[in-house]
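A quick write-up on the structure given underneath.
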């Protein structure tokens, strides 16, 4: 190529743009300059924005309104370190503003990961983690951090020499482990060793953050295993032995408490003398908070017999009883739990009863839970609660708003009611009526223990009647719909007990209990011996329903006045009470036969013997139609029937046999057939009977009084023709 001519140089000078010095006092203009392609302009603009943001909250709000986040976030990935620093410093300063988190999640999370992956200087990491700490408080942002695999670089930054980077990283990780997914995998990413190292930090804020993370993650079984393998428990015992770190002891004890659920950890703490140290925190605490947490640790540790021996040597039982009278409510609540759940110290029962009257709901709840455990299978403790007047307060607490308190109160009352003298006092105070409202709760524990308490207190017909009149049967029957196995089991148990009263059984059947139980008994998952027992009890106490549904009454089913035969059950048809049937208008359906005369009856009242070939001449249908028309009712007293077929005669025979206490069955067949079965011993020789009774069917139709062996042709013909 040839040399440039003068004309060429002149043209280039014409095309060249003169250097322009920009000055602006308008923030909006400077924000626009952040999108420039020239480094000099970007450097000046980013520095100006950074200084402007430092001056106060109003400036930060203004910049947010001007849309500064988008261009700033793009600059954190810039090749020029000064531009990157300015952008990150500005974002870090703005991170303290409440509006920042929501807006930042749309921009910053797109670029932050590359910052952590690259070998950046500490200054960049400080402000990058500061920004991320702000957005990590939002659940949606945490999801995005996980999607970008953000945990590993954060764990790496825990070892940063800069304390601000370590602190910010800890804050981010703490927010992330609030989500179960992160909590369970943190140990797999190698986070436990650097977290343990940070306990030695010279900065209390870093130590506290590390302890808070340990409190969260040690609730996970696998994390606790890694914690033990990394000698974490030994590190924590060293920290607890150092009184210079007494401000960390409360948080450290919380982590220890989490770990004491494992046998392996218990063995470690036992070998290292940690149990004695825990006892010392209870005996000579530096604060009520530490004392309360130490008691919780002892409660968990004392599940081991070896641990209990160590605590016994320290006379910890006596101390716990004394702590029931401590000034701090949390200490008293923790002492209640320790005494009840593990140590079972009966000497403290009267003091625990006094705590039921506390104004503190937390303490009242803890005391009630303690009494529930103390009285379980322990007659001495139950009697101690009774003698201290605890049963009166517990009955009142059944109307408390706290579900936990109500559940524990019901459980304690149920435990105490196993002793007759206590049960009598509870019933006198209206205990059975007080159970009605808790039965309407939505809390599983409340429903389970209240239903169990009903089964315990509805011990006779008088109490069942009180429960009935108080409106308790309807919510009890509703519990049969529960999908919780324990609630259903206890509800069935209570239904079984209440069904001992005929009026209760009739009402529960009217409320649909029998249909619900039959549906339960057809389910492989929901069926139990309790549901079957409840069904049997309902039927045995309501013989009209039993005969209607099963078509059979046994020799033990004694018919009394007002028994009625409503015919064979139809699928999906509700069973009506006698009162409901009487109130119906006359219709063309089968007559309902009621037994209302206990004796004023004779065997030929139904028309006498009828030969098989003349059965059609009996005209029993017309006779009963006349009676129904005369009575203006579908219900006919059995004593008014002069012409009756098989079903009427078998019913009358059963009624009469029951009134003279002679056992027989009542079995329904098809097409108005019914018959009675009796068991009789056959005389083999003089004064010698057959070893086993023989079952006979009684002929009441063709040859009245004839006994037909159950397996004879005559008996089979009687049942089927």
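Using the three backbone atoms N, Cα and C, a Cβ is placed for every residue, glycine included.
Where the annotation comes from TrEMBL, it is an automatic prediction and has not been curated.
These come from TrEMBL:
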- 98-116: transmembrane segment (TRANSMEM)
- 149-191: repeat 'ARM' (REPEAT)
- 347-389: repeat 'ARM' (REPEAT)
- 430-472: repeat 'ARM' (REPEAT)
- 471-495: repeat 'ARM' (REPEAT)
- 600-708: domain 'EDR1/CTR1/ARMC3-like peptidase-like' (DOMAIN)
What are the DSSP helix, strand and coil residue counts for the repeat 'ARM' (430-472)?
29 helix, 0 strand, 14 coil
Is it possible to list how many residues within the repeat 'ARM' (149-191) are helical, extended or coil according to DSSP?
31 helix, 0 strand, 12 coil
Go ahead and report the DSSP secondary structure tallies for the domain 'EDR1/CTR1/ARMC3-like peptidase-like' (600-708): helix first, then strand, then coil.
39 helix, 24 strand, 46 coil
Summarise the repeat 'ARM' (347-389) as counts of helix, strand and coil residues per DSSP.
32 helix, 0 strand, 11 coil
